[in-house]
């Protein structure tokens, strides 16, 4: 019989070891799954983890994609992690991402075809404000009427998707687009474009913002009283109230910050890699970022690494799809395994395993 | 008393990292009231759990009436005539007394017969109880009676009672003792666990003292002073807190008709509490648990806010101020629940020092945490209050209850409060550390602070408080000077015995 025994103090070693062990376990279990599907497991694993970065044929295209995909994931996940630390569950980052992109794009298009250097900064501000405002809806409903922020923020994603479709077809549609849905392409308007900053790296302003957010969140959590209050509220809500943390203020701050960053991510995406507002602009970054936040153990540096890893499995997964004919569902299952094993192995940092039969005390 | 009911021989039980019982041996004769004495963590609970079949010993033997006794589960203990009343009741509030009792029986009789036998037993032993009443409506003392009657219906040979008086008023304690004496005279042995020495001297025939899992002595309580027993328990000479002579100070804290609706369905409403506490005074607030102690503390800590004109410190209306602003004014509090309320279990002691210390110790100027200063503050607490911990970076939950209590109380005292409110300051703390904490509270008052001690330990309040008031169903009695206050008077202030005397008169 195996029993779990709570450790008096969380194990430092396991806290660090958990992610690599989970990745290894995912490779083993995923390999078995690919084998069961009739694919060579070693080749599949290599295609997912190795080829996107080092294959002679594909790496030139897929290596920059790593930062392009990881940037928004990290930026959104950093914001989410602050709330998750405090027990504020913003599940609707996808909606804030969309609304941020819509607001930023709308402000930009209103200035078309200005060539002012202020166009792009104004769009970033508008995108951040849009995401923030969308996140304020669950925040106010929660603090005023005690609604559940999980449900409200999640359902607002679907509202945001409708807004997106409506804007792409109507309000923001490109007047010179021949009636096709979708806005003007920002890539072709230098004042509003979010270009690749260093050729061949995939680095754009959104990736810069993600790195700044990582550093900022690290400083906030480790050095600032607000970060301490966030951690305290998540760890012991009653102790937090005793310490004088205002729960209403914290909910508003946490939801606001995560909405702000998600909105910025949306704006950087629409002006950069996506290029325009289109019906299928919502790409699921807001949901995947939840996995990234937890995969990174809600720690800024962990999220940075987890975002890169998650991006890698996306790119490698796509590669495996068209190289090996692995079904898309298998790739999703593979990504799911990663989170599953992470949470399973995570138990070991707070508990130790005891083998053998002993009576229940 | 030559024959033996229960003999324990070399009982040993080890848990990872701690030996809870180490070769414990003693005997209990039929009809004997045997006290098991020891500090928290001395191994009393583990020992009785082994006798009751909840825990299996690693080594050693037990014999009941000469036959080997190895209970695998509580039901086996009960069929052998061993019954136990736990410190925490296991009753369903939404069911009535008879239903609750039936739930704890192997083969409950039919309801009418059960009700009749409940009435019979409750009459015989002076424990009046109506089988048809809902448990949710009963007082703590009456709930304990349900548990006792549940045991008595099984005609036990040995009744184990774990800290039975911690929830009772003095009058209720007297009733319980009368019942226990009657049981003992009929030949039922009682194993009585407590750390209240005066009770043990009044009730018990013999005592076994445990310290760190070992039997360190036995004594006849009637022939031993409470101090000698306490020193046997602790293993060192005890220091009695000294009270300094006190000048009458100015009124520092004043409550004017504080009321508070209960935050939860099981909470207690506070009704129009009024109180004045002077600088340099220790005010003792007694009362049975659940009579509004937590709510009272929350009003002063700032977790519950009041409308204007209710709470004043130094003439400043603080009733609507949030906790941190109160701390900057010198109003500090230490709640009863250490893990999760006074301290965050998964955070380190350094982080827990920041929890209340950030304002007064200036640990986070401009919102930036000065971890070096915070670490130094935590180290000062650990040093001054002898907190046993490897270092300040361990999680709070890794500390024993008593050590964490020392940390939590020390954290507030070292911030030099002007008004300090503590709830159960020495709960679960060993006697030597309790003396340290009480002395620190007295010293604090000596320096001119107003100290409010909420406690269920009346001896503690009598020892350190200048005045005493009782919380009873959310109402506060008029404070009385502790000097010359008798236990009877205190009991009446705490709500008396819920009209229990009648039953004994009927015998």
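Cβ coordinates are placed from backbone N, Cα and C, and glycine is handled just like the others.
Nobody curates TrEMBL annotations by hand; they come from automatic prediction.
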Annotated stretch (transmembrane segment, per TrEMBL) among the listed ranges A:12-37, A:38-63: A:12-37
Spatial neighbours of the transmembrane segment (A:70-88) far in sequence, C-beta under 8 Å, 6+ residues away: 97, 149, 202, 204, 206-207, 209-211, 213-214, 217, 220-221, 229-231, 233-234, 237, 250-251, 254-255, 257-262, 264-266, 268-269, 285-286, 288-290, 292-294, 296, 298-300, 303-304, 306-308, 310-311
Residues of the parent chain within Cβ reach of the transmembrane segment (A:118-141), under 8 Å, 6 or more residues beyond its termini: 90, 92, 95-97, 99-108, 111, 147, 149, 152-153, 156, 160, 191-194, 205, 251-252, 255-256, 258-268, 271
Top Cβ-contact partner of the transmembrane segment (A:95-112) among A:203-221, A:250-268, A:274-296, A:329-348 (pairs under 8 Å): A:250-268
Cβ-Cβ under 8 Å with the transmembrane segment (A:150-172): same-chain residues at least 6 beyond its ends: 89-96, 98-99, 101-102, 105-106, 109, 134-135, 137-138, 141-142, 181-183, 255, 277-279, 281-282, 286
The transmembrane segment (A:303-323) versus listed stretches A:250-268, A:274-296, A:329-348: most Cβ pairs under 8 Å: A:274-296
